[in-house]
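Trainee: Please see the structure below; I have some questions.
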Amino acid sequence: GPVAAVVRELRCVCLSTTAIHPKMIARLQVIAAGPQCSKVEVVASLKNGKEICLDPEAPLIKKAIQKILESGNKEN
């Protein structure tokens, strides 16, 4: 996808962030800080097919990231 291409270029994916209602989000992708970008980035895939960047510092987004991390760490 477009995100993978940007990561290969070794720069941040998100140039700006957008505030959006959580109900419009289909999928969240958290990109950890690394050599390509010094900050954590959150890319949301919306139900209408668009991809936008969310502010990882926003309280609602922090909660969502926490949920993702917790669910990812659980053994099934």
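From the backbone N, Cα and C atoms, a Cβ is placed for every residue, glycine too.
The disulfide bond annotation in Swiss-Prot covers CYS12-CYS37, CYS14-CYS53.
Context for these features, please: burial, neighbours, distances.
Mentor: Listed in sequence order, the residues of the same chain lying 6 or more apart from CYS37 (disulfide bond) and placing their CB within less than 8 Å of its CB are ARG11, CYS12, VAL13, ILE31.
Counting every protein chain shown, the Cβ of CYS14 (disulfide bond) has 20 other Cβ atoms within 10 Å.
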